[in-house]
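Before any comments, here is the structure.
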Amino acid sequence: MRVDNYDFRDLANRFEDEYERALAAIGTFNVAVFGDTGAGKSTLINAVFGRQLAATDIGDSITQHITYHGGAPEPLGIYDNRGFGLDDASDVDSIIAELRRIVAENKARPISERIHVVWFVTNSYSRRFLESHARFVRALADLGLPVMMVLTQVPTTRDGEYHKDAVALAEHIKKLRLPSTPRGKVYMVNSIGDPDLGQPAHGLRELLEGTFPVVPAAVHEALIAAQRVDLDLKRKKARQIVLGSAAAAGGSGAVPVPIVSDAGVLAIVMTMIAKVSAAYGITLGKRRTMRVAAVAFSGGATIASGRIVAKLVATMVAKSAGKAVPYVNFAVAAVSAGTAAALTSASGFAWMKVCERMLVEPDLKEEDASRIFAEEFTTRSKESAPKK
Ligand SMILES: Nc1nc2c(ncn2[C@@H]2O[C@H](COP(=O)(O)OP(=O)(O)OP(=O)(O)O)[C@@H](O)[C@H]2O)c(=O)[nH]1
Ligand SMILES: [Mg+2]
């Protein structure tokens, strides 16, 4: 079968559909961050999720005091009280009333659309925790929301101990016996390190680990996709997808090895990269993600030219770049099941590397994506690909 017999548009649309479907399956984790202005809410969100809550991100004002950022199809939604402090009793009352309404409305909505946890943020430098703060936290708990107390910008000594003033503030908060989870714990965090001051970032992983047990299991995948603190959680998920796809491409253990349908393998690879991208929480938009994938895979294609990957590239490049590709006129030899599985897993692992880079470098140049892909693809296919 010749590659140019494929319906390119159909296959590229498939990527977009699968990407959307994968994001929908992952759902959305919603965190509410509350605290005084300047407490470090945006800095914390940034550090944990890599999402910039800059002044330009005005979000949707869903009530007078509460803003919602992100949300479906993204794996992360953020509620905050940006612009309003909690030191003014009347603001606190208004916010509580607004939250009561939101929580009541959300009861009729799917789990994925509710508030899953509140991080109540206090800056350790503020050296204060007001009665209005305590009242606010109690009200949140009364609404049935799990509240985690977070002390940010906590300095550490050279021996790695928390600064005594921060410890004293944490002790003060604990003595208030607030209904926070787990058991009044105060999470000690420094969202961004300062090398000049010898201050490392710390506490983010512990905060993340503490969050999983208090949110519904149904949003754990979304939390894994959204967070940027523990890459291994994403890797584990992505690896499952890749190995599952490779098995499917290989015809799941059929012996003797049959000749698999190359169109079928192509579809499996498309779905795999869509699912892997979603599992990593790549939210660059489906078009941009696909363009990077197309160029990245063309690196792999030069290695495995004339094979499955080449066809994938031909498909994607033709659709996304409108370019003529040399592979298009290749008559592709039938591929054995073993080869299909090996190529699928090699390209899946290579795409994982590209996703990991895109997380820290959203503007990753396409030629760099291609190089990263090709390196990993070469290593992986040497490891696993059967000869011819
Ligand atoms: N090093 C360090 N600096 C922090 C931390 N948290 C906050 N800061 C500093 O405090 C400033 C204010 O933090 P923001 O994250 O903007 O505070 P916010 O709660 O979002 O404030 P509003 O959006 O105005 O309500 C930041 O510019 C940081 O310089 C932290 O954990 N570590
Ligand atoms: Mg902010």
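Just so you know, glycine gets a Cβ as well, placed from its N, Cα and C.
For reference, TrEMBL has these:
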DOMAIN    30-126  domain 'G'
TRANSMEM  241-259  transmembrane segment
TRANSMEM  265-285  transmembrane segment
TRANSMEM  292-310  transmembrane segment
TRANSMEM  330-351  transmembrane segment
Study note, to complete from the structure: Contact set of the transmembrane segment (265-285) with the rest of its chain, CB cutoff 8 A exclusive, min separation 6+ beyond the ends, reads 6, 11, 14-15, 18-19, 21-23, 25-26, 74-76, 221, 224-228, 234, 237-238, 241-242, 245, 248-249, 292-293, 308-309, 311-312, 315, 335, 340, 343-344, 347-348, 351-352, 355-356, 358-359, 362
**Study point:** For the domain 'G' (30-126), the mean pLDDT of the predicted model
**Key:** 88
Exercise for review: Give the residue counts of the domain 'G' (30-126) per reduced DSSP state, in the order helix, strand, coil.
Suggested key: 33 helix, 24 strand, 40 coil
